[in-house]
């Protein structure tokens, strides 16, 4: 009998393993369906439902099916048991039930009011995964990929505007949503639609910060497919990438904002502490991310005499690249910083330095690997969002709150885009036209980050209501705005079918011609960028990559022994080697292209011709800031011929 | 106060997230260390410690550090609590502790004797992951990669021997280990070294089956690096791949073998049921795996007029390929079959059919993706094995048992390799020399599969003792035998630096020359393979890929409407297109190369020359079975010129 029981238990355990397989299989099935649908849509050039929208829809349907098809709720799981002997909560609990000891693992704290809603469908419960999986496993590849695939030329061209939208815009959005929601909540309490919970102003701000993370992946995919105007694409892409980082740190700072006494009153000390937290966390995460990337660059660059270079083993190289980038995320999280911010800047830095050191094989491997991981993770998240409507047990649907949130989100988006665009246009040469502003307003979709931030904390009733609302706003914006992108583009008469390189060239040419008289003032306003560019070009690039001038020529003479040690032998030989024109441009080209236009004022059209004749890469990282300005860098000692020729 | 408490709980939760990050970071750190070590070793051509051995060593050291550095055991977790009201075990348990409700999730059943050993280090406990992660996430990519990267030419050339070692050999090994261990256990009980547990013969057989899964990844890596004789490599690789599948199904069958009455007595009915189970599970898993691959091939092959082919979207194609292959595993698990077997044959079938339909981009992407996943998963598993010595809480070290197991493992390996090699040599043209046999004997390392099978069930004391023993045997074999591979190769005077293609050609030539008179008998003995090859070439290849003759020419005339519908337009055009010479060889080449040698008996040396002149691909899948035999296939109707020329 004992024996028999044992076999039953083995079978039971087998069943347990198969359960894990069934849940993964359901996700696989959803993803396969999504891929087949995308294929179908791509064939019919059907752009009203993007893959993420499709994934969400399938997730929703699957949730519905599981909810009504699989077995009825587990009766036991709604009951709360008492254990008088327990005084604190252990991380693992051993319980004796009918003379068998079972091990239970601590999952979370449940508020009393949630206990009743807790008896759920066993299958759905098993499909609910830990929010930490979102943060530690699914989000990092998406964010890293955004940083790694950033087209730096276009990005830096619009850096000023992007930073303004991302930092100032997100802060505005957060505060506007917070204020509107606070008004709404007060009003709802007043008319009796909402009980007097502890729905404080900080909670409203928390909601504001998490709803400020935009995720226009749907819109960007369509932009990419249709080759929409590059400036618009870059503004939107850059804003959404940085804005996620800002929103996450903002949410973090608000959640640790703890006014001493009355949580509704304004506490200056606590507020400044929060601002300090924000800055500290942001800077710390940035430092963490970039230092991991610099370590990767150094390792991949190592050329000790006894050693074969790492790039001769592409598998090891790719592995190290992947692991160090992920470690940037994990270290930041472990240090109490924000991993997403770290991994974003890690991606940007990896693309800037490490990418140049990789073997051609690894360049492609890493690109494809992260592209693939991004694709899968994105679709898993959107499938899961669809499912979450059913898997999450404590939804609180409050139509008024949801309506208020929708209003708040749009008002906030408007008060982010329009005023800031107006201000930016005062300073920009290349104005942001009205139709671009409308398109940016329209592209304020909410997605993975808002969802992930909302699901991270669903303990209290306000937080649950926020989660439900956030989820529905994600559905609404992805389906309605995502689907409406193509008609909107037509309606706003935004150019499509633009070749990014040609576009940039034409714009740069017309700008450099019209800006000739303003060179000095422009250059001065961007002095910080110039200093950085010079430092990067003269010291960091040679130190971390095989490009740029040798350190022996850029460092002062008394440093020459160190410089010789640190300079890559290949740096002497092929300084003009330009392995990746998308990412790096040499200083020489830059000077060559800009010198003539600076000295001889020629009409715009001619100028374009001369630039095209000189070389393809005429816009470069050095062209930072708000418009086109001249970047004149001192030539490095080892290239006297070049100087003479110019 | 309430508020303060809430903030504390938020911070507590944050801490919880960071914990997850810390554990992942530790694994990342171990992997980074491993990669750097491999790089170092590769530079110094140091072959005494393979990456997997290194990973294990680092895991071990890390376990040791965590054990002694991190905080002392959680006091609560060793106590068993009683809950009178609970009558059965719920999957989630809500517990009221000091007026707070906590949710606990069911983890596992614990035997009473394990309760005391249960208080562990909290950090180590968190680093212990669920065995289902091994089976559902880490193992599938490794096994799939083995199937996908199988060099079919060499594999099929030695198929007979490989199948013999894998099926018969593993069964012998399982029974021998089972018998020896049973004897040992009896003896130990007799001398009082072992208490009279329920250590039955089936338990011993279970141990035998799990210890029969060899994993010579270390040896194979060195073979690959040194270009060891291809036949030896193929025999060992093929054996280890199939042997894993056999051992897993065997373990599964034994674990569900339930003799009705006395578990020690031989129950014929139960035994035959077990054999039936084995065959059923193996065949079912095989069918499941191949059908997923066939579905993938069909999808990637689809050429409906309205549709763009999937291969124009490499990302979707790769995604679908990845998801369908993983689904093969998960479906098999969900259906109660063996996922590992399914995913292995899925890999082989994907390589045979789907690979030919993929776009060049996807071909590379899938290869590199699985290579990378294989690399990471393998190193994670070996790191984890090192850690497991500390993370696992219920080790039972019994030196005598461990010694017995070591003896049993070697005796079993010997009674697998030597007798079977003797028998195979009776039938093989190309004998397996003595030194190859010794090398195969020496390469009987145990690794990931044995570990994964052992950790899957550690409920009872015998199972725990088996787990500990299996772990130590893995350490011992990987370090000692893995490290001794290079000296052993030298000592046994086995050829290194062999070019596989040249080698195969030379052997084939010498064989076909000496086998001319035996063609008829040989060909007859392999009639099953010939039928399969013909069927595959004439119907399956054209139906599932763009290679082979068009179906219109191979199907009978009354099928022509169907055939026309199913034939790829490109099949008419480039029948001789040979996109992947490693995987597929056209029938025509095969006939061309073999016809001359069959008709004109020439000396071996000349023959090699003529083959080299005709074409590089002279050995092919058709060359199945035990040696070289002539494969004469009917030419398909559409190539009359070829026939005339030959």
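The backbone N, Cα and C atoms fix where each Cβ goes, and this holds for glycine too.
Marked as transmembrane segment by TrEMBL: B:20-41 (among others).
Per TrEMBL, domain 'Cation/H+ exchanger transmembrane' is recorded for B:33-491.
Per TrEMBL, transmembrane segment is recorded for B:53-70 (among others).
Counting residues 6+ beyond its ends, the transmembrane segment (B:133-150) has Cβ neighbours under 8 Å at 237-238, 241, 244, 325-326, 329-330, 333, 339-340, 343-348, 350-351, 366-367, 370-371, 373-374, 377-378, 380-381, 448-449, 452, 455-456 in the same chain. The feature transmembrane segment is assigned by TrEMBL to B:133-150 (among others).
Annotated transmembrane segment per TrEMBL: B:162-185 (among others), in sequence order.
Proximity of distant same-chain residues to the transmembrane segment (B:205-223), defined by a Cβ-Cβ separation under 8 Å and at least 6 residues beyond the stretch ends, is recorded for 47, 50-53, 170, 173-179, 181, 232-233, 236-237, 239-240, 243-244, 246-248, 250-251, 254-255, 378, 405, 408-409, 412-413, 443-450, 453-454, 466, 469-470, 473, 478, 481-482, 485-486, 489. Under the heading transmembrane segment, TrEMBL lists B:205-223 (among others).
Beyond the transmembrane segment (B:278-301), the same-chain residues lying 6 or more positions past its ends with a Cβ under 8 Å from any Cβ of the stretch are 245-246, 249-250, 252-253, 309-311, 317, 320-321, 324-325, 327-329, 331-332, 335, 337-350, 352-354, 357-358, 544-546, 568. Per TrEMBL, transmembrane segment is recorded for B:278-301 (among others).
Annotation comment: TrEMBL describes B:335-355 (among others) as transmembrane segment.
Same-chain residues lying 6+ beyond the ends of the transmembrane segment (B:375-394) with a Cβ under 8 Å from its Cβ atoms: 27, 30-31, 34-35, 51-53, 55-64, 66-67, 114, 117-118, 120-121, 124-125, 127-129, 134, 137-139, 141-142, 217, 447-448, 451-452, 455, 458, 464, 467, 471, 474-475, 478. According to TrEMBL, the feature transmembrane segment maps to B:375-394 (among others).
The annotation transmembrane segment is assigned in TrEMBL to B:400-424 (among others). Long-range neighbours of the transmembrane segment (B:400-424) within the same chain, counting only residues 6 or more positions beyond its ends whose Cβ lies under 8 Å from a Cβ of the stretch, are 160-161, 164-165, 168-170, 172-174, 176-177, 180-181, 184-185, 188, 193-194, 207-208, 211-212, 214, 432, 436-437, 440-441, 444, 446, 465, 468-470, 472-473, 476, 626.
Per TrEMBL, the feature transmembrane segment maps to B:436-455 (among others). Counting only same-chain residues 6+ beyond the ends of the transmembrane segment (B:436-455), those with a CB under 8 A from a CB of the stretch are 52, 131, 134-135, 139, 142, 209-211, 213-219, 229, 231-232, 235-236, 239, 244, 247-248, 251, 340, 378, 381-382, 385, 388, 392, 409-410, 413-414, 417-418, 421, 463, 466-467, 470-471, 473-474, 477-478, 481-482, 484-485, 488-489, 492, 494.
Annotated transmembrane segment per TrEMBL: B:467-485 (among others), in sequence order.
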### Task
Count, for each of B:53-70, B:335-355, B:467-485, the Cβ pairs lying under 8 Å from the transmembrane segment (B:20-41), and report the range with the highest count.
B:53-70
